[in-house]
Amino acid sequence: MSAMGWTLLAAALLAISAQSNGCYIQNCPRGGKRAVETELHSCAACGLGGQCVGPSICCGGLLGGGRGGGCIVGGPLSAPCKRENLHPEPCRPGGGSSCGLEGICAAPGICCTDVTCSIDATCDDVTEKAGVTFSGATGGLANPTGDLLRKVLLLANADLE
């Protein structure tokens with residue numbers, strides 16, 4: 001084989017390997033990368049009856065004053081969520097309905113991704129039936145505690161940006 005043939009072969013192998021999406025040994029799910037969609041489990045419990053939504057986000061339960069739930073970003077109440085992040089299989093928060101670009105409704109009026117939460121009107125109807133246990137029924141953020149939660153959440157997101 002000529003030098004040009006070896007060069008073309010090397011370039012073809014390089015192009016093929018650049019297009020492949022392998023998973024590293026430490027983060028490959030059981031059953032390989034294609035098994036991810038089928039092996040979802042419920043996310044860990046955290047806080048005061050809440051559920052992990054991301055590596056440092058705990059939502060639901062008695063958070064937010066016990067009136068419809070709320071979310072805590074960071075702190076000791078979300079500590080179990082860091083351990084959940086080390087699980088080889090991904091988890092699916094029980095929030096149910098989608099919101100934003102890639103988020104789920106984690107509490108009434110609150111949309112969370114795995115990194116941050118924001119106020120979202122499409123999540124105002126979130127109740128216990130959606131999957132996350134909230135202590136209130138509907139409209140949980142239409143109260144003084146909920147208003148304070150909204151302000152704290154807006155300030156926290158402003159600090160992150």
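Each Cβ is built from the backbone N, Cα and C atoms, and glycine gets one as well.
Between Cys46 and the candidates Cys58, Cys59, Swiss-Prot records a disulfide bond only with Cys58. Checking the candidates Cys52, Cys59 against Swiss-Prot, the cysteine paired with Cys71 through a disulfide bond is Cys59. For Cys43, the cysteine that Swiss-Prot lists as its disulphide partner among Cys91, Cys99, Cys105 is Cys91. Candidates considered were Cys81, Cys117, Cys123; the recorded disulfide partner of Cys105 in Swiss-Prot is Cys123. Out of Cys81, Cys99, the record in Swiss-Prot bonds Cys111 through a disulfide to Cys99.
Sorted by the number of other CB atoms within 10 A, the disulfide-bonded residues Cys59, Cys91, Cys111, Cys117, Cys123 start with Cys91, the lowest. Listed in sequence order, the disulfide-bonded residues near Cys58 (disulfide bond) (C-alpha within 10 Å of its C-alpha) are Cys71, out of Cys71, Cys91, Cys111, Cys123. Taking only the Cα positions, the spacing between Cys52 (disulfide bond) and Cys43 (disulfide bond) is 6 angstrom. In this view, Cys112 (disulfide bond) is surrounded by 27 other Cβ atoms within 10 Å of its Cβ, with every protein chain counted.
According to DSSP, Cys123 (disulfide bond) is assigned to a helical segment.
When the CA atoms are compared, the disulfide-bonded residues lying within 10 A of Cys46 (disulfide bond) are Cys59, Cys81, out of the candidates Cys59, Cys81, Cys91, Cys112.
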